[in-house]
Each structure stands twice: as structure tokens, then as C-alpha cells.
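Here is what Swiss-Prot says about this protein:
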| type | residues | note |
| --- | --- | --- |
| DISULFID | 402-411 | disulfide bond |
| DISULFID | 406-421 | disulfide bond |
| DISULFID | 437-447 | disulfide bond |
| DISULFID | 441-459 | disulfide bond |
| DISULFID | 461-470 | disulfide bond |
| DOMAIN | 433-471 | domain 'EGF-like 2' |
| REPEAT | 121-166 | repeat 'LDL-receptor class B 1' |
| REPEAT | 167-211 | repeat 'LDL-receptor class B 2' |
| SIGNAL | 1-26 | signal peptide |
| TOPO_DOM | 27-531 | topological domain 'Extracellular' |
| TOPO_DOM | 553-644 | topological domain 'Cytoplasmic' |
| TRANSMEM | 532-552 | transmembrane segment |
């Protein structure tokens with residue numbers, strides 16, 4: 001029995017693993033956009049292909065919002081008898097959706113906008129009938145509380161949006177007599193009007209956490225509408241789009257585009273958040289007999305007209321819309337949102353621990369679930385969702401966002417957790433897919449891209465063309481001067497046009513005049529090496545050589561060693577030396593009663609001269625009176641005397 005039980009457990013584990021690890025189709029998990037129609041919720045992927053539908057049991061859906069932390073959709077039904085707001089989640093076992101009542105109906109509510117705070121798990125909604133904004137927790141059955149009451153002032157709250165990171169609620173007041181865009185802290189304090197001018201009937205509103213900006217729809221008078229944007233405090237207001245023949249209700253924002261629902265065409269439309277910049281050149285056709293000079297200027301960047309794109313045609317009236325923003329991955333490093341993301345993650349982790357069990361089967365299932373998420377992704381059993389680390393995406397974190405993203409460059413993840421390309425020299429664009437030389441040089445010019453990052457590319461123009469992009473045809477310009485010169489002989493003509501005018505005059509001398517320059521031969525053959533230049537150059541070289549010689553001679557005199565100083569030493573012996581036995585008058589000099597020896601150093605060309613001194617007193621007197629030269633003469637003279 002034990003063996004059979006164990007085999008059944010293993011078989012069950014394998015079957016469940018197959019369900020977990022195999023891709024699921026037709027379920028709301030893989031969606032990127034969700035749209036509420038009148039009787040259903042439609043889920044679509046990034047290419048706006050329908051992958052699933054849900055909530056078919058309802059009759060009058062309106063607003064919706066998305067809790068990305070727990071993969072929950074919250075929506076409203078205007079005609080349900082018991083409930084007002086419901087939640088939709090995916091069933092892990094049946095691979096289907098489950099709808100539960102979240103907020104009970106208390107009267108004739110007319111919900112226009114929904115927003116969710118994942119930190120406090122509170123829902124916020126606007127009621128156009130009661131002219132109030134309510135909030136309530138999704139856990140428990142407490143009576144909803146009023147956050148903002150606009151009934152006394154005649155306001156009409158419409159769209160609502162929660163700034164999760166800065167803990168504020170934004171809403172639009174669509175009262176046509178006094179429309180506004182306002183905000184308030186989530187605790188009900190610090191109510192502020194941020195936009196109250198040049199606005200007609202604001203509808204949907206959304207907070208873009210990636211760019212720290214607000215986006216809202218304004219249903220203008222007549223058939224016009226606009227999409228506007230501002231900073232979170234209402235400053236730096238911009239009109240992103242203005243068009244007509246739409247009846248927009250709600251909008252959603254992604255990293256690069258804005259999407260909104262249109263009740264008139266039953267469609268979803270899109271427009272870029274930032275206009276695309278392109279470079280255009282406008283050329284004016286030149287007439288043959290024109291006499292007006294044309295100024296050639298470098299082209300300037302022009303904002304390209306971004307047309308509206310209908311991304312989805314729907315079978316019913318389109319109302320609410322939400323988009324997946326990557327709350328966990330994109331805001332982990334944002335200095336405003338990092339702490340909030342961490343707290344939300346802790347709350348979800350604590351809730352996930354309630355599902356943990358210790359049986360053998362559950363342990364094996366947990367191993368398989370953890371293996372479902374690749375690249376260190378974190379598996380959430382409560383939502384069957386992989387929370388991917390920065391740089392990875394996909395239902396199993398199997399896709400590296402930088403893989404093949406940059407065409408000619410290096411990809412790195414930015415602080416906003418989006419791939420960013422650092423382009424090689426010569427390429428630009430979001431993915432380094434555009435060459436800086438593409439279409440730059442005209443008329444056969446050759447483009448050279450600089451190796452420096454901030455240096456613009458240059459064009460090497462062929463003969464008779466010039467300008468930054470070789471857009472200036474010197475032949476055409478000079479032909480214009482040559483024609484004008486025929487009618488105005490005193491007009492100035494650039495020197496480079498002389499040869500061109502001569503060529504044109506050979507075939508059409510009646511309409512072309514050749515400019516006559518004074519001293520043309522000087523301009524054509526300039527002589528650089530004149531006699532005066534050569535003389536100045538020679539004098540300069542000779543002066544330089546003399547200066548170098550003087551400097552070298554002075555250095556040698558400065559560092560030449562000094563002559564040694566003559567020193568004299570006198571040694572006097574009072575006792576005469578005794579003659580030896582071999583001394584004779586012929587071999588030895590007569591001995592005096594007193595004898596002195598004089599040792600003179602550094603004289604006689606650095607030799608030591610030893611000479612007898614027969615009159616020390618005379619020498620002493622002489623030393624005190626005579627100079628060194630006289631001493632030398634006396635010594636030499638005494639050596640030559642006959643002493644015998």
C-alpha cells in the first residue's frame with residue numbers, strides 16, 4: 001500500500017508539473033492590456049491580439065483597475081443587484097478566472113473611476129451620482145468611507161488615480177461650469193487644485209510613475225478632444241495631442257505610448273508620449289530666368305506629425321482600460337518608490353506564507369514551482385506569478401531584455417529597469433539602429449563619422465559642391481551671379497565663380513557675363529618666397545646662432561675651475577746637519593751655522609721645488625713687502641748664484 005501510495009503521489013506531481021511548466025493559452029495571465037466592454041473584459045497582448053475574455057455574466061461594466069502585486073483585476077458593474085465592485089483572478093487549478101464580490105452595493109452608485117493602493121489594499125472610486133470619492137479595504141465588509149465630498153460645491157468627480165509612491169490621490173472634476181484637476185493625500189489632508197484654467201471637461205486620468213507626470217483626457221467643446229500632461233504638481237503643462245471626432249473616456253500609459261478608449265468608434269487608439277523628431281530639407285524650385293538670390297541654410301529638426309493609430313477594433317462600446325507597467329521590476333531602484341515596493345513585496349510574501357504546507361507532496365510541488373521561474377525569479381504561489389529580477393521578463397523570467405536589443409551598441413539596464421543602448425561611434429537611435437550618415441550628405445558627398453561621441457559627422461563634397469551637407473551647388477550659384485552680372489556690371493561676384501562663368505559664357509554669351517578682376521594674375525599664382533622674406537629668414541637664423549654661441553661661452557666661463565692658490569711653508573733648523581764620512585768639499589756644500597728649508601707647493605707647474613735659503617731674514621722681509629711673482633724671481637735667482 002505504501003508503494004502504491006508513493007507511486008500515485010509521484011504521478012500526481014508529474015501531472016501538476018506538466019500543467020505548471022507547460023505554456024497556458026487563453027488565460028488572462030499573459031495579457032498586456034485589459035479593456036472593459038459593456039458585457040465583458042477583453043485581454044490583449046502587446047500586439048493587441050485578443051488572448052482571452054472574462055466576466056461574461058455582467059451586463060453593464062464601466063471602470064476597472066489593476067493590482068499588479070497580486071495579479072487582480074477590480075471592475076464595476078452598474079446593474080448588479082448586490083455588488084458594486086468585483087475582483088477577477090486566475091484559478092491556478094482550472095486555468096480559468098474567478099470573480100468575487102469586493103464592495104457591496106449600498107444604493108444607486110454610478111462608478112466612473114477606480115484606483116487601487118497596493119500598500120494599504122484600499123480601493124478608491126468616484127461616484128458621479130453622489131458627487132463623492134469613496135474608499136474601502138478589500139479585506140472585510142466595512143462600510144465605505146468618504147474621502148472627498150464635492151456635492152456642496154457642485155463638483156462632479158470622474159477619473160481617479162493613486163500615486164502609490166508619494167501617497168496621493170488625483171482626480172478630475174468634470175463639472176462644465178468649473179472643471180479642475182485636483183489632488184489630496186491618501187489620509188484626506190492637503191487638498192490642492194493643480195489645474196483650473198484652459199480646461200473644459202476632464203475625464204480619465206493616470207499617474208505615470210516612470211516619468212513622474214500626469215496624463216488626462218479633456219473632452220473639449222464641440223467635436224474636439226485633447227490629451228494633456230503636466231508634472232505631479234500641475235506645472236510644465238503640455239498638450240500631447242489635440243484632435244476631433246472622438247468621445248474618449250479613460251486612458252492608460254506605457255513606457256512610450258498613450259492609449260485611450262473611444263465610445264464613438266468602439267476602438268482603442270494610441271499616440272506616442274514624445275513626438276518623433278525627423279530632419280527635413282525644403283528646397284525651392286529654381287526658375288531659369290530668376291534674378292533673386294537664394295540663401296542656403298542648414299536644415300533644422302522638425303517635429304514629425306504623429307498620426308493616431310487605431311490599435312484595436314472592438315465589438316462593443318469601449319470604456320475602461322489598464323496596461324501592465326511592470327510595477328516590481330521598473331520601480332525597484334526609483335528613489336521615490338523603492339521603499340514602497342519593498343513594503344508591498346513584504347506584504348505579499350507574508351500572505352504567501354499562509355499557503356505553505358509541510359507534506360511530502362507539497363514539498364515536491366514547491367520545488368517544481370520554484371523551478372518554474374528562471375534566472376533567479378521569485379515564484380508567488382498565491383498568484384502563480386514569477387517576479388523577475390531586473391533585466392529579465394516573461395511569464396517564467398526566461399527572456400533577457402538586453403538580448404538582441406541594441407543593433408550597433410552595448411545594452412545595459414537603466415535605473416528605471418529598462419534596457420538602454422550605448423551606441424558605437426557613427427550610430428544613434430533608441431536601439432542604435434540609425435546611422436548618423438544616413439541621408440546626411442547630398443549630391444554624392446562622402447560622409448565621415450567622427451570617433452568622438454559629441455562631434456557631428458562631416459561631409460566630403462565632390463567638385464563644385466559645398467555646404468555642411470554638400471547641398472550647395474557652386475555651378476548653380478555662380479550661374480546666378482553670372483546672369484545678374486550681365487544686368488548689373490558693378491555687382492560683386494565671388495572669385496571662385498570666374499572659371500565657371502567662363503565655361504558658361506562659351507555656350508551662352510548673350511545671358512552670361514564674365515567678371516573682370518584687377519590683378520587677377522596675383523590671385524591665380526600667389527608668390528610666397530619673395531626676396532624680403534628670404535632676407536628676413538636668413539638674418540633671423542644668423543642672429544639665433546650668435547645668441548646660442550654667446551650663451552654657450554658664458555656657461556663655460558661660469559663653470560671653469562679656478563687656479564689653485566700657492567702656499568709657502570718655511571721650516572728653520574737651528575742645528576746644522578753633521579757631515580757624513582763620505583762628504584767632501586767637492587761633493588757637498590758648505591754648512592752654515594743656521595739652515596732653513598723652504599717647501600713651496602703648487603709652484604713650478606704643480607711640482608715641488610726644494611731650494612736652500614741662506615738668508616731667512618731677507619726672505620721674511622721680502623715676503624712682507626713683495627708679491628708672489630717677486631718671490632718667485634728671488635728664489636730662482638738664488639738658485640742660479642754660485643754659492644761656493
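Placed from the backbone N, Cα and C atoms, the Cβ positions cover glycine too.
Distribution of Swiss-Prot features across the structure.
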residue : record         : DSSP class
402     : disulfide bond : coil
411     : disulfide bond : strand
421     : disulfide bond : strand
437     : disulfide bond : coil
447     : disulfide bond : strand
459     : disulfide bond : strand
470     : disulfide bond : coil
Under 8 Å by Cβ from residue 461 (disulfide bond), counting only residues of that chain that are 6 or more apart: 441, 443, 445, 467, 470
Alpha-carbon spacing, residue 437 (disulfide bond) to residue 421 (disulfide bond), which is rounded to whole Å: 19
Other parts of the chain folded back onto the transmembrane segment (532-552), taken as Cβ under 8 Å at six or more residues beyond its ends: none
Sparsest-packed among the disulfide-bonded residues, when each Cβ's other Cβ atoms within 10 Å are tallied, from 402, 411, 447: 402
Residue distribution over DSSP helix, strand and coil in the repeat 'LDL-receptor class B 2' (167-211): 0 helix, 23 strand, 22 coil
Same chain, 6+ residues apart, C-beta under 8 Å of the C-beta of residue 459 (disulfide bond), given in sequence order: 440, 441, 445, 446, 447, 448, 467, 468, 469, 470
Residue 421 (disulfide bond) and residue 402 (disulfide bond), distance between Cα atoms, whole Å: 9
List of residues, in chain order, with Cβ under 8 A from that of residue 421 (disulfide bond) and at least 6 apart: 405, 406, 409, 410, 411, 429, 430, 431, 432
Disulfide-bonded residues compared (437, 441, 470) - highest count of Cβ atoms within 10 Å: 441
Confidence summary (mean pLDDT) of the domain 'EGF-like 2' (433-471): 84
Number of other Cβ atoms within 10 Å of the Cβ of residue 406 (disulfide bond) across all protein chains: 22
Residue distribution over DSSP helix, strand and coil in the repeat 'LDL-receptor class B 1' (121-166): 0 helix, 24 strand, 22 coil
